[in-house]
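As written in TrEMBL, here are the features:
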type	residues	note
BINDING	HIS2	Ni(2+) binding site
BINDING	CYS74, CYS77, CYS91, CYS94	Zn(2+) binding site
Amino acid sequence: MHETDMTKALILTVRDWWEAQPERPQISQIHLTVGRFTCVEPASLQFAFEVQTQNSFLQGAKLVIRETPLIAFCHRCQQEYQPEIGIQYACPTCGSPMEDIRSGRELKIERIEYEQFNYMS
Ligand SMILES: [Zn+2]
């Protein structure tokens with residue numbers, strides 16, 4: 001469900017961009033950064049994207065997902081560490097609870113690739 005709603009939001013964002021383009025280009029790829037801590041399953045996202053873009057302006061476009069790890073920063077130890085999602089979030093050195101997340105919550109469109117129109121005859 002989570003992924004379905006997110007895909008809707010993603011498509012709306014891309015559509016806003018696309019409708020603002022004078023040429024309405026054919027979009028070939030959407031590059032997305034997804035943090036591990038968003039709990040978004042890339043496979044589910046891919047599936048939702050394929051279903052929701054059928055017969056739309058995004059038909060045939062590919063979703064390229066880059067995952068970023070969860071990285072936290074421990075202020076007591078002054079160092080970064082990688083919590084194990086769902087298992088252990090505290091600092092492995094001193095046991096302080098996770099409070100400062102440096103990476104892993106991203107969910108953003110990195111770039112959109114589209115076909116350049118070619119007017120050469
Ligand atoms: Zn620590």
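Cβ from N, Cα, C; glycine included.
Features recorded in TrEMBL, as mapped to the structure shown.
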{"residue": "HIS2", "record": "Ni(2+) binding site", "Cβ contacts under 8 Å, 6 or more apart": "CYS39, VAL40, SER44"}
{"residue": "CYS74", "record": "Zn(2+) binding site", "Cβ contacts under 8 Å, 6 or more apart": "GLU80, TYR81, CYS91, THR93, CYS94, SER96, ASP100"}
{"residue": "CYS77", "record": "Zn(2+) binding site", "Cβ contacts under 8 Å, 6 or more apart": "CYS91, THR93, CYS94, SER96"}
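The Cβ centroid of CYS74, CYS77, CYS91, CYS94 marks the Zn(2+) site; residues of that chain outside this set whose Cβ lies within 8 Å of it are HIS75, ARG76, GLN79, TYR81, PRO92, THR93, GLY95, SER96, given in sequence order. The binding-site residues listed here are CYS91, CYS94; among them, CYS91 has the most other Cβ atoms within 10 Å of its own Cβ. Under the DSSP three-state reduction, CYS77 (Zn(2+) binding site) is assigned to coil, being neither helix nor strand.
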